[in-house]
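So that you can see what the record holds, here are the features copied from TrEMBL:
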- Leu20, Asn27, Lys156: xanthine binding site (BINDING)
- Ala128, Asn129, Gly130, Cys131, Ala132: 5-phospho-alpha-D-ribose 1-diphosphate binding site (BINDING)
- 41-154: domain 'Phosphoribosyltransferase' (DOMAIN)
Amino acid sequence: MNFLEERILKDGIVKDGNVLKVDSFLNHQMDIALFNEIGKEFKKRFKGNKINKILTIEASGIGIACIVAQHFDVPVVFAKKAKSINLEGEMYVAEVESFTHNCKNQVIVAQKFLGEKDHVLIIDDFLANGCALQGLIQIVQSAKATVEGIGIAVEKGFQPGGRIIRNLGIQLESLAIVERMDSTTGEIEFRVQEG
Ligand code: 5GP
């Protein structure tokens with residue numbers, strides 16, 4: 001079991017509706033030493049990839065992305081969410097359905113921060129149905145930039161996002177993949193990963 005799986009077992013709480021609450025260390029209160037370990041691990045897993053930018057989505061991806069970026073020594077761009085936007089200037093826009101909030105958002109990135117020369121590592125805290133990631137991939141494609149890989153802290157392997165993204169042929173690295181969880185017993189089971 002790796003450091004993140006251990007922490008999820010210790011402090012994660014399984015809620016009804018397939019929601020894993022990790023707000024004591026990941027996406028409300030943030031354990032920066034843990035984020036640093038996450039950064040180190042992604043740096044190892046994407047060692048051979050030429051990465052010059054990290055892309056994430058507000059809000060909960062930003063903290064992790066910033067610490068990961070220190071390990072790659074590259075800037076972070078975060079896609080902004082907007083319910084309805086008056087487009088000003090040149091923007092890339094994608095539509096994203098939110099798993100946790102059950103609504104649709106547009107996500108936007110200013111064109112000046114992403115272009116065809118960029119080799120992008122996408123970082124996010126969770127992968128569930130894959131809508132957030134598909135929106136970010138669409139934005140990278142609109143910019144004619146390259147997705148070098150995707151780093152996720154927690155993937156819920158029983159939801160379809162991971163399969164959808166891997167089928168696109170993108171290198172997707174999830175540090176913890178929850179195979180099964182039960183809100184009545186609180187049990188959490190992880191997928192056994194190689195390495
Ligand atoms: P997706 O677009 O893959 O369905 O959902 C990804 C987003 O939903 C993540 O960025 C995360 O903010 C949120 N999310 C999805 N599932 C969970 C969950 O079980 N727990 C928490 N805390 N956030 C989740």
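Keep in mind that glycine also has a Cβ here, set from the backbone N, Cα and C atoms.
Distribution of TrEMBL features across the structure.
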residue	record	DSSP class
Leu20	xanthine binding site	strand
Asn27	xanthine binding site	coil
Ala128	5-phospho-alpha-D-ribose 1-diphosphate binding site	coil
Lys156	xanthine binding site	strand
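Sequence-distant neighbours of Asn27 (xanthine binding site) (same chain, six or more apart, CB under 8 Å from its CB) are Ser60, Gly63, Asp125, Phe126, listed in sequence order. The two recorded residues, Asn129 (5-phospho-alpha-D-ribose 1-diphosphate binding site) and Lys156 (xanthine binding site), have Cα atoms 8 Å apart. Straight-line distance linking the Cα atoms of Ala128 (5-phospho-alpha-D-ribose 1-diphosphate binding site) and Leu20 (xanthine binding site), rounded to a whole number, equals 10 Å. For the xanthine site, the Cβ centre of Leu20, Asn27, Lys156 serves as reference, and the other residues of the chain with Cβ at most 8 Å from it are Gly12, Val19, Lys21, Val22, Leu26, Asp125, Phe126, Ala128, Val154, Val178. Comparing local CB density within 10 A for the binding-site residues Leu20, Cys131, Ala132, the maximum falls on Ala132. Taking the Cα atom of each, Gly130 (5-phospho-alpha-D-ribose 1-diphosphate binding site) and Lys156 (xanthine binding site) are about 10 angstrom apart.
Here Leu20 (xanthine binding site) is positioned 17 angstrom away from Cys131 (5-phospho-alpha-D-ribose 1-diphosphate binding site), judged by their C-alpha atoms. Each residue contributes its Cα atom, and for Lys156 (xanthine binding site) and Ala132 (5-phospho-alpha-D-ribose 1-diphosphate binding site) those atoms are 14 Å apart. Distance noted between the C-alpha atoms of Ala132 (5-phospho-alpha-D-ribose 1-diphosphate binding site) and Leu20 (xanthine binding site) is 17 Å.
There are 24 other CB atoms within 10 A of the CB of Lys156 (xanthine binding site), with all protein chains counted.
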